[in-house]
Structure formats: structure tokens, C-alpha cells
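Listed in Swiss-Prot:
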type     : residues                                                                        : note
ACT_SITE : TYR161                                                                          : active site, proton acceptor
BINDING  : ARG33, GLY34, ILE35, ARG55, ASP69, VAL70, GLY98, TYR161, LYS165, ILE194, ARG205 : NADP(+) binding site
SITE     : SER148                                                                          : site 'Important for activity'
Amino acid sequence: MTDTATENTTESAADYGRPAFVSRSVLVTGGNRGIGLAIAQRLAAEAHKVAVTHRGSGAPDGLFGVECDVTDNDAVDRAFTEVEEHQGPVEVLVSNAGISKDAFLIRMTEERFTEVINANLTGAFRVTQRAARSMQKKRFGRIIYIGSVSGMWGIGNQANYAAAKAGLIGMARSISRELSKAGVTANVVAPGYIDTEMTRALDERIQAGALEFIPAKRVGTAAEVPGAVSFLASEDASYIAGAVIPVDGGMGMGH
């Protein structure tokens, strides 16, 4: 009876119809450190062809690197051309590059506000527009934005950062409505309080205060973010579009 049950289970799994794995050409912007690096390494370990952008630091071992400033259209085009020559047109774009320049609203200059929007939101638009050309032709594409709980909750002193991250959600949903019929989807992974160079630089009072809102009562690690990205990049996620997946220990509770 045990053998029969095992055999039936195996047959059921085989008949389930899960799509076969396909190795894709992946580009992770800002993939040379922190969350971006963890994502790039995870996707490379899964046998995808992975390239990362950096701003002069070079690529980590095992990854193909291209220098790129996402605030510069010409630099974006050059980076994509290099990636295309190395591993083919980008099929999975992980838009992760970004900056933060926090300040009280009344002290935040327009220059500081605009600088963050340009890097985090307009930069994402630039790389998306460039990637979408070949994705539409191939009728396959996965666009994954690395957002933030800040873009859903709003966090004090981050009017610029929160606005940019919230904008990614609207952009992903607009793109999904426009391009899903061509096999191109856009989704957002929204990390919460993750241990990175950026969060370590925050005031200790802010770090301590953040834990009060996290049911898990701990800071997340960069290694806990790539799983959601891997899923959205996979064949299994073909019918998911315009979604926001929080990776925040329950901090935002889906807001």
C-alpha cells in the first residue's frame, strides 16, 4: 500500500503542470551590494544569466557588471547594449538602484527632493523603457521593482523617498495594464526594515523605533528578500501583474 501511495503521489506531482525552468537574461540595477547583490546572487545560483549595474565599483565575483548611472539616459542605453551583447536581450529586469536623502519636510530642499525622485523613480522609468523594447518583441518580460514599506506607509523625514517608492507601485500597475497582453508583467517587492548599509546609517533612535512596528521583533536580512523576486521572475508568476509583495516581517500588514 505504501508503494502504491508513493507512486500515485509522484504521478500527481508530474501531472500538476508546473512550468519547466527557463534560464533568463537578467539585469539587476544596483546589484553590486546590499539587497541588489543578494538578489543577483540568488538568481545566478538558480542558473539565470545575471548582469548587474554599478557606479564604478566593479562587479562582484561571478556576475557580469556594467557601469551605469540610472539618472543618465545615455549611460542606461550603453549598459543595456553591453548586457545584450554579453547575454542577450534583458528578459527579467530588477530595478533596485536608488538613494535616500532624508530630511524634515521644512528643511528638505527642492534639489534634495528632486534628486531622490530622479534616481529612484525616473531612473526606474528609464531602465524599464529601455528593457520593454525587446520584451515586447519577444512577448515575454518580467519587470520587478524593489519598493519599500515607506512607499505604502509613509515614513517621517522621507517625503522624497516615500513618494518615489509609492510611484513605483503606480508605474508597475500602469505598465501591467499596458503590456500584460504582450506577456510583460510588472510587480513590486516591498522590503521593510532590512539590515543594509543604508539602514545602519540611520539614527539609533530611528532604528530602535522601527522594531516597535515589526511583529517579528527583528530586523530582516538582505538574504530574505530574493525569494520573492525569484518567484516573480519565474514561469510560475506568469499570471501575476501589478502586485505588491511585502517582505517586512509584518510591519505594513499588506497596506
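Backbone N, Cα and C atoms are what each Cβ position is placed from, and that goes for glycine too.
Cα-Cα distance from SER148 (site 'Important for activity') to ARG33 (NADP(+) binding site): 17 Å (rounded to the nearest whole number). Annotated pair GLY98 (NADP(+) binding site) and TYR161 (active site, proton acceptor), C-alpha to C-alpha distance, rounded: 9 Å. The separation of the residue listed as 'active site, proton acceptor' from ARG205 (NADP(+) binding site), Cα to Cα, is 19 Å. Rounded to a whole value, the Cα-Cα separation of ILE35 (NADP(+) binding site) and TYR161 (active site, proton acceptor) is 17 Å. One residue stands out among the binding-site residues LYS165, ARG205 for having the most other Cβ atoms within 10 Å of its Cβ: LYS165.
Of the residues the record lists as binding NADP(+), namely ARG33, GLY34, ILE35, ARG55, ASP69, VAL70, GLY98, TYR161, LYS165, ILE194, ARG205, the two whose Cα atoms sit farthest apart are 32 Å from each other. Taken residue by residue with DSSP, ARG33 (NADP(+) binding site) is part of neither helix nor strand, so it is coil.
Looking at ASP69 (NADP(+) binding site) and TYR161 (active site, proton acceptor), their Cα atoms lie 18 Å from each other. Here the Cα atom of the residue listed as 'active site, proton acceptor' is found 19 Å from that of ARG33 (NADP(+) binding site). Look at the residue listed as 'active site, proton acceptor': DSSP puts it in a helix.
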